[in-house]
Amino acid sequence: MEKKKQHNPNSHKLPRRDSSSNSWSELLPELLNSVFERLGFADSRRAESVCSSWYSAARRCVSKKQSPWLILLPDEDDNRNSHSCTLFNPDEKGKLYKRRDQGVEFAQSCLATYGSWLFMLDHWYNFFFLNLFTHERINLPPLESQLGATKLERISDGWFRISDDIITNDISMQSPVFWIDEQTKDYVVLWGLGKWCVVYSKKGDKFWNQIPLVYSPGYSHMVYKDHKLYYILNDFFGFFGSSSCIKIFDFSGEIPQESFQGGVTPNSSLLHPTKTRRISDRKLVVTVTGDVLKVEKWVNPMTRIWSFCVYKAMLFDLGITVLANDDIQGFKRNSIYYSIICREKNTTQICLFNLETQKMEPLHKFDCSSTQQLSRARWFLPSFTQP
């Protein structure tokens, strides 16, 4: 008798493939890139934790989409949120992210940004760097450890004596800037000490060095890029014309060397302040290609109409230009991003000015506890490398 064959219910199914071929970590890089390029910040961070190949793919996509973010710090009297800050990514206009660090009060003064690092100053005038995403902290030399002609002495908590003739509890720190290497943690940090000098410190220093300045009743602004310090000294807040002195210092060696000094004075009389038009702010901007621009923000006090004069897509507050790629949705090319503080109406706005259309528009509607909180908002270029 012929033996009847038994029916196998799974005979119609495809043969099983080796499980290793179905591993998520072995997906083609092109496929991973096409997916991760569409992810927002939070989802991208989650994807990084799956495996090493996903981590590498996510970081590649992040580097391509590097767009500036905005950090909002809490008010000093906001005890509930003092250990957190709010982050805004223009590429995800409808989302806000909150970062917490129990070891730091974010209501403290954030002086400057570089990558994901903040240059911080606490209530006792102690300086330190803080990484927003890794929570790494680097302490800096004490404020009073100055090497140079200008002497600064701490005489009590919060009070200082400057050069034996001025006692103050408010150190005039002008235009602080810094640079830090993500891998080696080499750094240079600089700020203007009132009318006297520019002070700076490098990794390994236990003190602040000084670059003396010729006294002038003006306001200085600095940008640090590619081992060069770009320094502009304006006249007295722009009330007596539009002239400025620009200096460039080379920091590539052991001791900084002045490599350029010159002035910028417009020829047109139309660009001088009048009763109905005056300079609100003036800063240096260094472009991606290394060109140095002088940018002035003008305002009509009567109509509150703002305009810009550019000498020679930039971030006015950050002092640099950022290359606006087509795949970055939240940023517009050839635009100036800046903040407007109206003390008469007690309001603050983060705005952009399109150089092509000559029009201004608000960037985003923020729900802030006060106008002071928004006025202290700062741009930064996030970097998500491992510590």
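Even glycines carry a Cβ here, placed using N, Cα and C.
Feature annotations, reproduced from TrEMBL:
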type   : residues : note
REGION : 1-23     : region 'Disordered'
DOMAIN : 28-67    : domain 'F-box'
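Secondary structure counts, DSSP: the domain 'F-box' (28-67) has 29 helix, 0 strand, 11 coil.
If you average pLDDT over the domain 'F-box' (28-67) in this model, you get 76.
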